[in-house]
């Protein structure tokens with residue numbers, strides 16, 4: 001590993017640097033803590049059931065940091081304005097950290113800092129992104145503001161409306177999961193076909209086809225998935241929602257197939273994005289089947305196909321790619337990251353079959369932790385180093 005020289009001015013010069021570092025650290029610590037809790041070694045605060053706390057921290061904490069790092073980096077490209085950096089970025093990171101520490105602190109102080117930090121983080125992220133896109137009337141990306149507003153509203157609901165009502169808080173987690181997946185449908189639907197098309201034109205002589213970015217079929221696929229999300233949130237045992245889940249799965253498989261990911265297999269930074277997106281239709285199919293057959297095991301597998309598989313894989317793949325591109329490095333996967341991608345894929349499969357305490361669960365936790373440790377080891381020097389100038 002290259003020597004590490006810490007300079008806070010570099011770390012807080014771009015959001016992807018600070019937040020992708022936090023993503024990696026949180027991925028390792030939070031899942032390690034979850035594994036220790038499942039094994040009976042580590043007790044968690046008892047204000048909420050441990051599974052609810054775990055779900056919240058992976059959706060709003062882990063994925064939230066990744067969303068912040070990506071959006072605050074991308075918005076500079078979208079608007080042509082200087083990146084969000086310095087003190088505002090530092091304050092947002094500290095707010096996120098307060099929420100994460102509060103989540104694992106007992107007593108009223110822990111609960112209060114968890115709630116306040118969580119709500120302030122999403123409010124701050126919304127304010128920063130809104131300031132940038134509104135300043136240049138970047139209307140195309142106003143839909144991102146709608147999603148961020150929904151994240152903020154969901155956090156307010158989770159902490160201040162659904163307090164003491166476990167079913168309502170679980171619905172809040174389903175809202176959060178649906179919003180993260182909505183972000184993947186929106187952003188992944190832009191970047192995956194675009195990156196794939198560019199790579200194919202460079203590496204496949206004669207390839208001149210234009211991969212579909214967002215046409216009528218994409219719109220139908222997203223619309224049916226959103227309809228399923230409404231049923232998933234409000235009526236998780238509804239057979240009607242189950243039918244929508246199966247339909248959404250088929251449409252999302254077709255959407256993904258049109259991006260021709262199999263042609264990009266030589267490039268890990270590309271195929272991992274296709275693999276990550278593929279877990280969405282798999283998860284939708286499992287959830288839909290669970291609703292139709294009333295099978296809890298399929299429900300749990302569906303949730304983790306989406307959470308561990310789609311979200312965990314897309315975050316690792318995007319973070320690995322963005323960090324290279326924005327620091328002036330070639331877009332080529334390090335061998336260790338190809339290993340990490342494979343670990344996360346195998347780990348997702350293990351998690352689909354896992355039961356509490358069995359070897360599949362141990363494997364899923366170990367492979368996730370190892371994959372993100374590899375990311376931290378390989379990317380820490382990159383995230384802390386100045387951009388290459390040659």
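Glycine too: its Cβ is placed from the backbone N, Cα and C atoms.
So that you can see what the record holds, here are the features copied from TrEMBL:
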| type | residues | note |
| --- | --- | --- |
| TRANSMEM | 12-38 | transmembrane segment |
| TRANSMEM | 58-78 | transmembrane segment |
| TRANSMEM | 85-105 | transmembrane segment |
| TRANSMEM | 111-130 | transmembrane segment |
| TRANSMEM | 142-160 | transmembrane segment |
| TRANSMEM | 172-193 | transmembrane segment |
| TRANSMEM | 214-233 | transmembrane segment |
| TRANSMEM | 239-257 | transmembrane segment |
| TRANSMEM | 269-293 | transmembrane segment |
| TRANSMEM | 305-324 | transmembrane segment |
| TRANSMEM | 336-354 | transmembrane segment |
| TRANSMEM | 360-380 | transmembrane segment |
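When Cβ distances are compared across the two stretches, the transmembrane segment (269-293) makes contact with the transmembrane segment (336-354), since 3 or more pairs at least 6 residues apart fall below 8 angstroms. For the transmembrane segment (360-380), the residues of the chain that approach it from at least six positions outside its boundaries are 1, 4, 20-21, 24-25, 27-28, 31-32, 34-35, 38, 308, 312, 316, 319-320, 323, 334, 336-337, 339-341, 343-344, 346-348, 350-351, 353-354, judged by C-beta separation under 8 angstroms. Spatially, the transmembrane segment (85-105) is adjacent to the transmembrane segment (12-38); three or more Cβ-Cβ distances between them are under 8 Å for residues at least 6 apart in sequence.
Contact check: the transmembrane segment (12-38) against the transmembrane segment (214-233) gives fewer than three Cβ pairs closer than 8 Å, residues 6 or more apart, which falls short of the contact criterion. If one looks beyond the transmembrane segment (142-160) by at least 6 residues along the same chain, the residues whose Cβ comes under 8 Å of a Cβ in the stretch are 56, 60, 64, 67, 71, 114-115, 118-119, 122-123, 125-126, 129-130, 133, 168-169, 172-173, 175-176, 179, 182-183, 186. Counting residues 6+ beyond its ends, the transmembrane segment (305-324) has Cβ neighbours under 8 Å at 16-17, 20, 23-24, 27, 55, 58-59, 62-63, 66, 69-70, 73, 177, 180-181, 184, 188, 191, 195, 269, 272-273, 275-277, 279-280, 282-284, 286-287, 330-333, 337, 340-341, 344-345, 347-348, 351-352, 364, 368, 371-372, 375, 379, 382-383 in the same chain.
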